[in-house]
Amino acid sequence: MEEPTRLVEEATINNMDGQQNEEERDPESNSLHQPLLKRNRTLSSSPFALVGAKVSHIESLDYEINENDLFKHDWRRRSRVQVLQYVFLKWTLAFLVGLLTGVTATLINLAIENMAGYKLRAVVNYIEDRRYLMGFAYFAGANFVLTLIAALLCVCFAPTAAGPGIPEIKAYLNGVDTPNMYGATTLFVKIIGSIAAVSASLDLGKEGPLVHIGACFASLLGQGGPDNYRLRWRWLRYFNNDRDRRDLITCGSSSGVCAAFRSPVGGVLFALEEVATWWRSALLWRTFFSTAVVVVILRAFIEYCKSGNCGLFGRGGLIMFDVSGVSVSYHVVDIIPVVVIGIIGGLLGSLYNHVLHKILRLYNLINEKGKLHKVLLALSVSLFTSICMYGLPFLAKCKPCDPSLPGSCPGTGGTGNFKQFNCPDGYYNDLATLLLTTNDDAVRNIFSINTPGEFQVMSLISYFVLYCILGLITFGIAVPSGLFLPIILMGSAYGRLLAIAMGSYTKIDPGLYAVLGAASLMAGSMRMTVSLCVIFLELTNNLLLLPITMLVLLIAKSVGDCFNLSIYEIILELKGLPFLDANPEPWMRNITAGELADVKPPVVTLCGVEKVGRIVEALKNTTYNGFPVVDEGVVPPVGLPVGATELHGLVLRTHLLLVLKKKWFLHERRRTEEWEVREKFTWIDLAERGGKIEDVLVTKDEMEMYVDLHPLTNTTPYTVVESLSVAKAMVLFRQVGLRHMLIVPKYQAAGVSPVVGILTRQDLRAHNILSVFPHLEKSKSGKKGN
């Protein structure tokens, strides 16, 4: 039984050609003999959801171990050597995930720094020659072409490569199958598109795409490569299941964060705190191993580039704000500005989420009009960005160089804090220093220490407002994009502004204020604390910042939680992905699992030895992905020899389709022998997913034959009694990683069915329950805890 999901916008339903007939009916609302003609009021709605910019069927993943006879036989016969081989392969794949992610991250950084660096160097040369119009034409033209490349790749080849990809990874690890998110095409488009988009000076970062890239490598390695060229090696097919693939994608996401920030511990904690729903100690070790491999690759790359073999890469390309040699001192009085930074970060972060939510809804309507509108939207944002970034520095006042400041002023190379721009000799343009540079250099410039008077107030205000606007309108266009770096730059700008406002009341360096401002805005928007704290500590390389960083993050998150959800949860809601939250709503304790089963259609059950015709009928007339297997007239091992009804277990739709494809039919109703099953099926066959009933051909004579479902049935499904509260059912469903939860009756008696119903992911979502039980809306006792 499967949980369909709703569309994000009603406009999506109305404007989608060819889908009206599908959306007017509810495939979960039909019983076995009722046609799909009339929509009933049940817990289910439309079976479609937006993933990227594409409408797709959404299913859940089978994280639960399917303990059928084949699995038990394979488990018993596995030797110690095979078990060690399986463990060794897990560690090998974790190593390969880290290796590929680290190498790809270095290539992305190298390409971005050189492409953006040479572009900006040419623009600066035009400005020095006072050829301002030519400089703008070159700057805007290069950005236009790069944005066009990124947008065309995403729109035409891999729509799921647009955006950061982190919400989809979070949903996948929660148990939601996000289609086409981890394919080879998506990986290629993500890499090339990310290089082009970041090099185009758009207000986005490569950090989010790197997380998605790591997850793509993990998924492809786990399944043996792309779908069309998949390796069929027997040892590799050990991992051809959702459970092991989940672990690998967790390693990939943590490796991506490590590659973005050179933060191995922060990457592990990011996976634990933000994306992973299910965790265990063995997974902790493997993710840490993957991030260790990534950081070794990055360190080797940095050492190699020190010899000047990487073009304009130099110190750029890998964010690092090293203040290990700086004495960080603060006193009790400094707690006040630290608290203020946290409060402002929480307020601004929640406001940013609210406005971005509105803009993404607007972009949804624009993107629905077709591919051309998606490309035009991206190009319009690129042109506006070029105008602002090139024109605003002309409005800034030139500032005389301070001979006491470190570094040459004005700078002559591609990096440095002092860009001359259109200023005379001995002066520099502080706004051009922040805008006409790569993102990573901009971070280093604004985080720079011992530079209290380097940036003017109006320049910082202009920079903050501009990046707020650009961050809001850029995220959501059809290019790979990340939120980390735009939020870091916005937060660091208001951190420096607050440092100037505090003046002599505090002795904390303005560069450290910028770090705290960036941390507070990220916590206020993304609602992360532990992982962010470690990432910033690994960036700054100074443990003395730990107390005030922790305080800022806690305050910012607490303030932001008072207003709205985190940015990734908002995106999950907009994409229509049925994500299950960690905390149930308080009113869910007022309704039981049995009451949910009552408003659902009657459950469709199959016999242990079932007729082929009934199996085909059940598959054609329902969209359920799991069917309880019930045997009648079974003599219990204890008690009176009177026939009883037995709940043998749960059989999956994919396994039924496999039986029909292999035509494993019996001429008479009987139980099969163990050797008969092993002769036709292997445990690897049962791990394969896919297929449709329409693709299976069954003759009229075969319809009268029988199938023994006992060997393929999961005999240990998770069951709950019908009196269990929905709150407890939701917690169990999420923590164990279920796809189906059987409801059994509270009272056992003759004639009583051993199964009352099945709960799926969609049944436990709050808005679906409230649509069927509107009176529960009045009994809400406040927001759920965090």
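Each residue, glycine too, has its Cβ placed from N, Cα and C.
What TrEMBL lists as region 'Disordered' is 1-33.
As annotated by TrEMBL, transmembrane segment applies to 88-112 (among others).
Panel annotation: around the transmembrane segment (133-161), residues 51-54, 115, 119, 122-123, 126-127, 168, 178-181, 183, 185-186, 188-190, 192-194, 196-197, 199-202, 212, 371, 374-375, 378-379, 381-383, 385-387, 389-391, 477-480 of the same chain, lying at least six beyond its termini, place a Cβ under 8 Å from a Cβ of the stretch. Here TrEMBL flags 133-161 (among others) as transmembrane segment.
For 283-302 (among others), the entry in TrEMBL reads transmembrane segment.
Taken from TrEMBL, the feature transmembrane segment applies to 335-355 (among others). With a cut-off of 8 Å between Cβ atoms, the residues of this chain six or more beyond the transmembrane segment (335-355) that come close are 468, 471-472, 487, 490-491, 494-495, 498, 502, 505-506, 508, 513, 516-517, 519-526, 548, 551-560, 562-567, 570.
Annotation comment: TrEMBL describes 375-396 (among others) as transmembrane segment.
Sequence annotations record features per position, and here TrEMBL assigns transmembrane segment to 464-490 (among others). Same-chain residues lying 6+ beyond the ends of the transmembrane segment (464-490) with a Cβ under 8 Å from its Cβ atoms: 53, 147, 150-151, 154-155, 159, 161-165, 189-190, 193-194, 196-197, 202-210, 212, 260, 348-349, 352, 355-356, 359-360, 363, 367, 374-375, 377-378, 381, 384-385, 388-389, 392, 435, 439, 442-443, 446, 497, 518, 521-522, 525-526, 567.
Beyond the transmembrane segment (543-560), the same-chain residues lying 6 or more positions past its ends with a Cβ under 8 Å from any Cβ of the stretch are 323, 328, 330, 334-335, 338-339, 341-343, 345-347, 349-350, 353, 512, 515-516, 519-521, 523-525, 527-529, 532-533, 536-537, 566. Per TrEMBL, the feature transmembrane segment maps to 543-560 (among others).
TrEMBL lists 713-777 with the feature domain 'CBS'.
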Confidence summary (mean pLDDT) of the domain 'CBS' (713-777):
89
Other than its close neighbours in sequence, what residues sit by the transmembrane segment (88-112), given a CB gap under 8 Å and a spacing of at least six beyond its ends?
191, 194-195, 198-199, 206, 210, 213-214, 217-218, 221-222, 235-236, 238-239, 244, 247-248, 251-252, 255-256, 258-260, 286-287, 289-298, 301, 310-311, 313, 317-318, 438
Per DSSP, what is the residue count of the domain 'CBS' (713-777) in each of helix, strand and coil?
25 helix, 12 strand, 28 coil
